[in-house]
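The structure under discussion appears below in the form of structure tokens.
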Amino acid sequence: MSTRVAENAGPEGTGRLRVGVLGARGKVGAEVVRAVENADDMDFSAGVDQGDAVAALVDSSTQVVVDFTHPDVVMDNLRFCIENGIHAVVGTTGFDEDRLKTLRGWLADSPGTGVVIAPNFSIGAILMMRFSAIAAPFFESVEVVELHHPTKADAPSGTAGRTAELIAAARREAGSAPIPDATSTGLEGARGADVDGVRVHSVRVRGLVAHQEVILGGLGETLTIRHDSLDRVSFTPGVLTGVRKIGAFPGLTVGLEHFLDLG
Ligand SMILES: NC(=O)C1=CN([C@@H]2O[C@H](COP(=O)(O)OP(=O)(O)OC[C@H]3O[C@@H](n4cnc5c(N)ncnc54)[C@H](OP(=O)(O)O)[C@@H]3O)[C@@H](O)[C@H]2O)C=CC1
Ligand SMILES: O=C(O)C1=N[C@H](C(=O)O)C[C@H](O)C1
């Protein structure tokens with residue numbers, strides 16, 4: 001099985017990338033289509049949404065697919081892309097360790113094909129996650145509050161889950177004590193979800209787009225790290241970076257930070 005990205009494709013070479021979008025009529029997918037159409041080094045090859053034939057991606061010689069669909073369908077989409085040697089830049093949420101293991105298995109049979117899964121493509125959110133991981137070992141307490149529009153299918157958000165995992169890993173590495181919490185009675189859900197020992201609270205309110213606060217607390221002080229996506233266009237520069245770089249990253253990458261020079 002061969003990859004569909006030519007060696008000279010992308011900004012470093014002479015070719016233009018042929019980019020398809022899965023979920024092209026969705027809230028984020030529609031923004032991605034616009035961004036691809038406006039990019040100097042890309043051609044929009046195919047848009048596939050609910051009910052459309054995914055074969056259009058092969059028929060249109062798509063080299064890189066961007067997926068913003070739904071957690072229930074994204075694995076089938078990725079199996080199709082990997083089997084056809086099409087690189088994938090994935091924003092859709094819902095990936096656990098089992099799914100990542102399955103993807104690694106499929107990718108092993110399609111050497112040269114790359115998949116990047118990013119819980120969040122906005123640069124501000126990526127930095128918010130990084131800053132939170134840096135700060136977490138310096139404070140006794142830390143909790144995550146994510147706030148989204150009420151049409152969101154998953155809770156907690158992929159970003160919040162990833163943030164909690166990064167915080168937990170940083171605290172483990174630093175030998176931090178468990179986060180204090182004397183709650184012994186209360187309504188189910190009142191303390192949020194437990195992700196790797198970090199409490200994560202999900203708010204769904206009409207009018208919101210995508211927001212997150214990480215609240216850290218120590219003796220006599222708190223630090224709040226907040227990020228707001230005010231418009232879904234915030235995800236598109238990161239998506240285009242993923243599209244441009246994925247050809248150089250065969251196999252599975254989790255997190256766009258691996259494509260950025262964050263130091
Ligand atoms: N990583 C990141 O930076 C971000 C990730 N996301 C994630 O991206 C995903 C999509 O979000 P959003 O755009 O808000 O959701 P939307 O529901 O607005 O868009 C999803 C689109 O995918 C379509 N769709 C459903 N099934 C298929 C299929 N099998 N093939 C092709 N298209 C399909 C839907 O059609 P229909 O409505 O008819 O079902 C819809 O048009 C979510 O998981 C969300 O959490 C969102 C923002 C940023
Ligand atoms: O569904 C959304 O809207 C978003 N989903 C992603 C997530 O679950 O983290 C990214 C961003 O928060 C927007």
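Including glycine, each Cβ sits where the backbone N, Cα and C put it.
Straight from TrEMBL, the features:
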type	residues	note
ACT_SITE	H148	active site, proton donor/acceptor
ACT_SITE	K152	active site, proton donor
BINDING	G23, A24, R25, G26, K27, V28, D59, G91, T92, T93, A118, P119, N120, F121	NAD(+) binding site
BINDING	H149, G158, T159	(S)-2,3,4,5-tetrahydrodipicolinate binding site
DOMAIN	18-121	domain 'Dihydrodipicolinate reductase N-terminal'
DOMAIN	124-260	domain 'Dihydrodipicolinate reductase C-terminal'
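Close to K152 (active site, proton donor) in the fold, though at least 6 residues off in sequence, lie R204, each with a CB less than 8 Å from its CB. Checking the binding-site residues G23, R25, K27, D59, T92, A118 against ligand 2, none has a C-beta less than 6 Å from an atom of that molecule. Counting other CB atoms no more than 10 Å from each candidate's CB, the recorded positions R25, K27, H148, H149 peak at H148. With a cut-off of under 6 Å between the Cβ and any atom of ligand 1, the binding-site residues G23, K27, T92, A118, H149 reduce to G23, K27, T92, A118. Neighbour list (G23 (NAD(+) binding site), Cβ cut-off 8 Å, at least 6 residues apart, same chain): G29, V48, D49, D67, F68, T69, H70, T92. For the domain 'Dihydrodipicolinate reductase N-terminal' (18-121), the DSSP counts in helix, strand and coil order read 38 helix, 24 strand, 42 coil. Here the domain 'Dihydrodipicolinate reductase C-terminal' (124-260) has, by DSSP, the following mix of helix, strand and coil residues: 53 helix, 40 strand, 44 coil. Within its own chain, A118 (NAD(+) binding site) has V89, V90, G91, G238, G242, V254, G255, L256 as residues 6 or more apart in sequence whose C-beta sits under 8 angstroms from its own.
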